[in-house]
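One structure is given below, encoded as structure tokens.
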């Protein structure tokens, strides 16, 4: 199922290596020259993504199939913008602190856009631009952070397996089982890729 719904996915999900600038976090932060990353690289890191139809999400069969297959039993919708999110400044700061969760983080962009930053296997930041229609799953145990872009607005569906628990563990929390399991999967994936390349 992870490979379904790929048509036009790069129009709603784009990724690149970030520079080290301390400028406004809402800027793209491209390196010079720009280093874009294919979605397959994100998949290797454990990040799953789809392109869906956000204008009819209530009746979207593909969304229903994903939810059933992955056990996403709870959803809610949140607007992240200064006008609609209570304690906006505090929340945005906490979202941008590097952290992990012991469960997947699943977000489906219904309107607007934003950035998820994730670490690659060499601890380099990759910026993932999520636009309207993009759905992304960050694996449990992956260090990441979130920020709006300069448009300052995203309307996102949050999906959960069971109760809606969003507990961030700010880095470092390498002792957590979710982190150890994530790293083990990453090493296994790297080993398999090297074996194929060496064949």
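Just so it is clear, glycine is given a Cβ too, placed from its N, Cα and C backbone atoms.
As recorded in Swiss-Prot, the features of this protein are as follows:
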type    : residues          : note
BINDING : 99, 101, 105, 144 : Fe(2+) binding site
BINDING : 99, 101, 105, 144 : Ni(2+) binding site
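Locations of recorded Swiss-Prot features on the structure.
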residue : record              : Cβ contacts under 8 Å, 6 or more apart
99      : Fe(2+) binding site : 143, 144, 145, 168, 169, 170, 171, 173
101     : Fe(2+) binding site : 138, 140, 141, 166, 167, 168, 169, 178
105     : Fe(2+) binding site : 137, 138, 144, 166
99, 101, 105, 144 excluded, remaining Cβ within 8 Å of their centroid (Ni(2+)): 100, 138, 142, 143, 145, 168
Specify the count of other C-beta atoms within 10 Å of the C-beta of residue 144 (Fe(2+) binding site). 22
